[in-house]
Amino acid sequence: MSATVITNIATLVTNDPSLRDTDPLGLVRDAAVVIEGDRVVWTGESSKAPATDNRVDAGGRAVLPGFVDSHSHLVFAGDRTEEFNARMSGRPYSAGGIRTTVAATRAADDAELEANLTRYLAEALRQGTTTSETKSGYGLTVEDEARALRLAARHTDEVTYLGAHIVAPEFADDPAGYVALVTGDMLNACAPHARWIDVFCEKGAFDGDQARAILTAGKAKGLHPRIHANQLSYGPGVQLAVELDAASADHCTHLTDADVDALANSSTVATLLPGAEFSTRAAWPDARRLLDAGATVALSTDCNPGSSFTSSVPFCVALAVRDMGMTPDEAVWAATAGGAAALRRTDVGRLVPGAYADLVLLDAPSHVHLAYRPGVPLVTGVWRRGVREV
Ligand code: NIG
Ligand code: FE
C-alpha cells in the first residue's frame, strides 16, 4: 500500500492520549504525518519522517484531527426562518417549534430528505467535520422515524434514535400512549438502524421518569443512551445521564453544583452546544465551571433548523472561547477528542498511529487561529479516511 507524508506542518495537534495530563493537545512543532490507506501510521518531527511515495507540503500551516460533531439533527425538511426572525424580535424559543419541522419532514419524500442530509454533511465536511452524529426526531411516527434512521445510516455510523424529541401531535392528550409507542413498536422498527438512543428531557417534552423508561427500553434493545439534558431549565436530565452511564449529556446549560459534581465523577461527557444559545439568545453554558470541576467537555453544533442552524464547528469553537471561558486549546480539544469521547470512539479525534486519517489543514500557523480569526474560512484541506476531500 502506498503511503503519503504531509510534511512542513508548523503546528500539529495530535491529541495523543498518553500525553493527556501534561499536554492534552499533544502538540508537535515542525511536524509530519504519514498516512497509509485510511489510517495514520506515523506522526512526529518532519526531520524524522520515514520516506514515502507521496509528499504533500503543508506550507508551514497547522494540521489537527477532523472535527467530531457528536450532536446534530440533519434529517429534516423545510426551514424556520420566520421563527428565527420572530425570536430576534423578542419572542422566546420554545420546543413547540419542533412541530413545524415535523410537519414538513413527514410531507417530504425520501429523495428530498436524503438530499438535505447530504447537503448539510457536505457543508460540514468543507468546514472540517469528518465524523457526524445525526438523529431522527422530526418524524414521530413508526414509519417516519425508521425512515429517518435508515437514510442517516447510509451516510454515518453515528445514528441516534430520537423518537422522544417531543410528544407527537397525535398523542397530545395521551403522552403515556406516546411513550408506550416510543418504547414499543417504534423502538422495534428503529433499533436496527441506530447505535444510540436519545431523549429530550425538558419541561414541554419528557420528564425524568419518562426519559428513564425510554432510555432503559433502548438499552434493553442494545442502543446506548445519550440525553438532551438541562437545556432550557434545571431538571433531572444530567443526573439521569450519569445514572444510566450515558455517553453524553448534551446542552448542560442549567446545572446545579450536584450536576457538575455528578458529571465530573462519571464517564459521561458534557457536550456543550453554543450554536443553540447563540440562535436562541440564551445564557451560555459555563464550560469553565465544568472543566475546573474535572468534567470532560465536548463541543458540537446541534445543527437543526430550529435552535441552531449552523454546521460550523469552527464557529462553535470561537463562541466557546469568547463566551464560555474556554481557552483555545481546550475548545479545540473539545471539538475533536471531546466529540470522540462523547461517541465513545478512540479511532477518531486524534492523530496517532492506528487512528483514522481524518485531518484538517488550516490556512493558519496554529489551531489557535480558529478562535483568533472568527468567521474566517480557515479550513483549506480535509482528509477523510485517508482521502483528500477538500
Ligand atoms: O437540540 N432540544 C431539542 N432539540 C433541538 C431543537 C430542535 C428544534 O428546535 O427543532 C435542540 O436544540
Ligand atoms: Fe439537539
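Cβ coordinates are placed from backbone N, Cα and C, and glycine is handled just like the others.
Unlike curated records, TrEMBL annotations are generated automatically.
The feature Zn(2+) binding site is assigned by TrEMBL to HIS71, HIS73, HIS228, ASP302. According to DSSP, ASP302 (Zn(2+) binding site) sits in a coil region rather than a helix or strand.
Residues within less than 8 Å, Cβ to Cβ, of ASP302 (Zn(2+) binding site) and separated from it by at least 6 positions along the same chain comprise HIS71, SER72, HIS73, ASP250, HIS251, LEU273, GLY275, ALA276, SER308. Among the features that TrEMBL reports, Fe(3+) binding site is placed at HIS71, HIS73, HIS228, ASP302.
Annotated 4-imidazolone-5-propanoate binding site per TrEMBL: ARG80, TYR138, HIS165, GLN231, SER307, in sequence order. DSSP assigns HIS165 (4-imidazolone-5-propanoate binding site) to coil, not to a helix or a strand. Counting only residues at least six positions away in the same chain, the Cβ atoms of ILE98, LYS135, SER136, GLY137, TYR138, LEU140, PHE200, ALA205 sit under 8 Å from the Cβ of HIS165 (4-imidazolone-5-propanoate binding site).
For ASN304 (N-formimidoyl-L-glutamate binding site), applying a Cβ distance below 8 Å and a minimum sequence separation of six or more within one chain yields SER72, HIS73, LEU74, PHE76, THR101. If you look up TrEMBL, you'll see TYR138, ASN304, GLY306 marked as N-formimidoyl-L-glutamate binding site.
Under the heading domain 'Amidohydrolase-related', TrEMBL lists 249-377.
Of all the binding-site residues listed here (HIS71, HIS73, ARG80, HIS228), it is ARG80 whose C-beta has the fewest other C-beta atoms within 10 angstroms.
Using a 10 Å Cα-Cα cut-off around GLY306 (N-formimidoyl-L-glutamate binding site), the binding-site residues ARG80, HIS228, GLN231 reduce to ARG80. Note on the domain 'Amidohydrolase-related' (249-377): its mean pLDDT in the predicted model is 98. Remark: secondary structure over the domain 'Amidohydrolase-related' (249-377) totals 52 helix, 18 strand, 59 coil, with classes taken from DSSP. Between the CA atoms of HIS228 (Zn(2+) binding site) and SER307 (4-imidazolone-5-propanoate binding site) there is a gap of 13 Å, rounded to the nearest whole number.
Same-chain residues with CB within 8 A of the center of the TYR138, ASN304, GLY306 CB atoms, the N-formimidoyl-L-glutamate site residues themselves not counted, are HIS73, PHE76, ARG80, GLY97, ILE98, THR101, GLY137, PRO305, SER307. According to DSSP, HIS73 (Zn(2+) binding site) is assigned to coil rather than to any helix or strand.
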